Amino acid sequence: MFLIVGLGNPGEKYLNNRHNVGFQCVAEFARRHHLSFDGKRSDARIAEGLVNGQRVALARPQTFMNDSGKSVVGLVNWYKIDPASELLVVYDDLDLPFGTIKLRNQGSSGGQRGMNSIIQLLGTQKFARLRFGIGRPPEGWEVINFVLGNWNAAERETLPKLYDRAVEACELCLSDGVTKAMNAVNGEAPKKSKDQAKEPANEQPR
């Protein structure tokens, strides 16, 4: 079993937030492979199935972002998997420009609170993660308002291609292993278009 966890917050109000890009990526993976999130386990919505002959579980923790580790540890124990080789976590990363997707086989949380929780409760940093760049907030914005804000129009136009790249990265992890997948995924970050540079980040949530 290979477990792919997308991080986010449950509930309609958070559905299209930047912070929920992990949820959005695993939802696209499920759609592409005709899997349904009709299971529930360890405070997570679960979709299971075969992808290219390999058993896969997709998870969207329902614990809220900052407590993601509680759900992930429960799932790791339930499926009896080795995090170092059978776990991939997908999440938003402020330190990567929007449009950048990076795959790593281990490392720190980079300050992302969901990852903080997972690392703390798993007791290890040795598991794969797919970092989906959302960029830094515009001047004058609080970080919390930016990550809990919805994508702006220019970002929404680009997202389908980025979701495709994220799903393809997950598929490469399954077919080739994380180390080989890293070589294919970690190319140069795409340049920001003029439209994206000018587009406002949307009004801050109140």
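For all residues, glycine too, the Cβ spot is worked out from N, Cα and C.
What you are looking at is a predicted structure, and each value in this text was computed from that prediction instead of being measured.
Binding of tRNA is annotated in Swiss-Prot for F64, N66; the matching candidate from Y14, Y91 at the same site is Y14. Using a 10 Å Cα-Cα cut-off around D92 (site 'Stabilizes the basic form of H active site to accept a proton'), the recorded positions N9, H19, N66 reduce to H19. For N9 (site 'Discriminates between blocked and unblocked aminoacyl-tRNA'), the same-chain residues lying six or more positions away in sequence with a CB closer than 8 A to its CB are N17, H19, N20, F64, M65. Residues Y14, F64, N66 make up the record's tRNA site, and a Cβ search at 8 Å around their centroid adds G8, N9, P10, H19, T63, M65, D67, G114 from the same chain.
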